[in-house]
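As given in TrEMBL:
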- 10-23: compositional bias 'Polar residues' (COMPBIAS)
- 524-647: domain 'STAS' (DOMAIN)
- 1-23: region 'Disordered' (REGION)
- 173-194: transmembrane segment (TRANSMEM)
- 206-224: transmembrane segment (TRANSMEM)
- 254-275: transmembrane segment (TRANSMEM)
- 282-303: transmembrane segment (TRANSMEM)
- 342-364: transmembrane segment (TRANSMEM)
- 376-394: transmembrane segment (TRANSMEM)
- 414-432: transmembrane segment (TRANSMEM)
- 439-461: transmembrane segment (TRANSMEM)
- 473-496: transmembrane segment (TRANSMEM)
Amino acid sequence: MVHQHEESTANEVRTTSQPPYDPSQETFVYKVGYPPQKNLAREFADTFRETFFHDNPLRQYRDQSGSTKFMIGLQFLFPIFEWGRNYNLSKFKGDVIAGLTIASLCIPQDIGYSKLANLDPQYGLYSSFVPPLIYAAMGSSKDIAIGPVAVVSLLIGSLLQNEVDPVKNKEEYMRLAFTATFFAGITQAALGFLRLGFLIEFLSHAAIVGFMGGAAITIALQQLKYVLGIRSFTKKTDIISVMHSVWSSVHHGWNWQTIVIGISFLAFLLFAKYIGKKNKKFFWVPAIAPITSVILATLFVYITRADKQGVQIVNHIKKGINPSSVHKIYFSGPFVAKGFKIGVICGMIGLTEAVAIGRTFAALKDYQLDGNKEMVALGTMNIVGSMTSCYVATGSFSRSAVNFMAGCQTPVSNVIMSTVVLLTLLVITPLFKYTPNAILGAIIISAVISLVDYEAAILIWKVDKMDFIACMGAFFGVVFASVEIGLLIAVSISFAKILLQVTRPRTVLLGNLPGTTIYRNTNQYPEARHVPGVVIVRVDSAIYFSNSNYVRERILRWLTDEEDKTNAEGPSKINFLIIEMSPVIDIDTSGIHTLEDLYKNLQKRDIQLILANPGSIVMQKLHSSKFTEHIGSNNIFLTVSEAVRFCSRKSMQEP
């Protein structure tokens, strides 16, 4: 924004080949205009429309017949009616290949992720059957793959077990999980319908990078109990408790057969990921590696009967499609509030991840993604999911990346994946009986490693140190405390950064670039010259109650510093203070009061206050408060150069 304000207009720039600039020369001067007056209703309507309907979603309904409007509305809620009209066999082939590929990846992941959520394995598969079907009809992303994800599974598992013991009170735990999923869906759908999607933007990119990285480390550490074959393991997620639990079991709790299976297949999975990353043509290698590992590990355990030697196995996955769970959702009682709190947190995190993934792949394929529409789709699928024995589902980055590289064309790839999961639930689940838990742990570790984005963290350090603090705060909060603490730190630091920027806006001193009428930051352009007798300050923010006192004090400090320099150099005096107000997009009554105080202070010091290029909203408020009468409309100029010309002319006229 500041850069835009610093761009000069064509009529301002003078080349060095022209005669030297004479500030006293007479030219026609435009006066700062006053915007047309708006009544309260019109002003409120304009603000409301710009806040919630900035993308003007109703423009497509203009001048349309009733039937056309109905069809457009139907396509808005169910995009399948829009892209389905142009669907053909060629697209179907691409979707089938992509759907089968992500299905081979999602089935073993779902079984593992359900363990993260402290739920039975079938609930992970349930969550990859119903939600993807709902999303395929209502979602607008062509590439996102829907299902349980590691971070949300860990989050919901850790939050739920703080309220209910998943072993002693299994039924209550499961009901609370469905209740949380229901409220997660309500939260997501409400944000979309009310067009409040901007709320998820308060979690900065840096905070998300740190939170995801910390969650990935936590998830990987949790899998050590499966990879090492430890039966008695801590329920805490912080690294100190986990490592204490690991090392205290080293002599009597580790199982060497389990370790061999876990480490061997983890190495195989990481090697498969390396091949896929090295050569994009082999994207299918890391995609089929998990299901291949499950098949091989299951056969190995079945043939060798390693389960008799202490290797823990899945044992039983309930066969059949999702049973109804409407009657299991808490709509009254003490668990409603707990379910609501957990649901809101998980829903917001799921939204943040899904929308970020959707926008990433939409940019790669050059199409627009409506964030609010996505929220409605995600919310609806989780509401329906909570009634069909699913827990919170969202967009998976690893599966979406595979979906994209496999050549998906439409959300039908989710339907194909869902169909494969259905067949698995109906036919194949008994075959997972001898699947070792170690292979599921290895699959999860290999899946979450990519969430530790150290390259992004290094870039954040180079670009913005405050962002890096937010990133590391979230990371260490998750790793050394808990997922909830890490999330709280991430949100707190993100808000703290906003408050810091609002309460301590940047103010800079401007000087004249030689041979031009352009005025720029003297720190950025050391060659910029100070104008004798004039101090020019630019405020790079709106002036509100939260920063008005700081702005006044900072401007006076600039003025005092320049007066000290002037007194040290000679007998000359500062006579004018020019405030460049181009970046000041708004001002409130506290800000106007601050300008009035500044004006009175300057009068006592015999210094004239001059404003340069206040915007329309600012000008309107200054006029309504009669500040323009106090300062004098002849002391408000369109550009800094005109203000300096006026000051130079006035200085020459004084004796």
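Note: Cβ is positioned from N, Cα and C throughout, glycine not excepted.
Just so you know, TrEMBL annotations are computer predictions that nobody has curated.
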With a Cβ cut-off under 8 Å, give me the same-chain residues at least six positions beyond the ends of the transmembrane segment (376-394) that come close to it.
77, 114, 117, 119, 123, 126-132, 134-135, 138-140, 146-149, 152-153, 156, 177-182, 184-193, 322-326, 329, 343, 346-347, 350-351, 353-354
Whether the transmembrane segment (206-224) meets the transmembrane segment (282-303): three or more C-beta pairs under 8 angstroms:
no
In the domain 'STAS' (524-647), how many residues does DSSP put in helix, strand and coil?
63 helix, 21 strand, 40 coil
Residue list, the transmembrane segment (439-461) vs rest of chain: Cβ under 8 Å, 6 or more residues beyond ends.
108-109, 111-113, 115-116, 150-151, 206, 209-210, 212-213, 215-217, 219-220, 223-227, 261-263, 265-266, 269-270, 273, 290, 293-294, 297-298, 314, 397-398, 467-468, 471-472
Residue numbers, six or more beyond the limits of the transmembrane segment (254-275), whose CB comes under 8 Å of its CB atoms:
226-230, 282, 285-286, 289-290, 293, 296-297, 300-301, 306, 309-312, 436-439, 441-443, 445-446, 449-450
Let me spell it out: take the transmembrane segment (282-303), skip the flanking residues so only those 6+ beyond its ends count, and list any with a Cβ under 8 Å from a Cβ in it.
101-102, 104-105, 107-109, 261, 265, 268-269, 272-273, 275-276, 311, 313, 402, 405-406, 431-432, 434-436, 438-440, 442-443, 446-447
Any idea what the model's mean pLDDT is for the domain 'STAS' (524-647)?
93
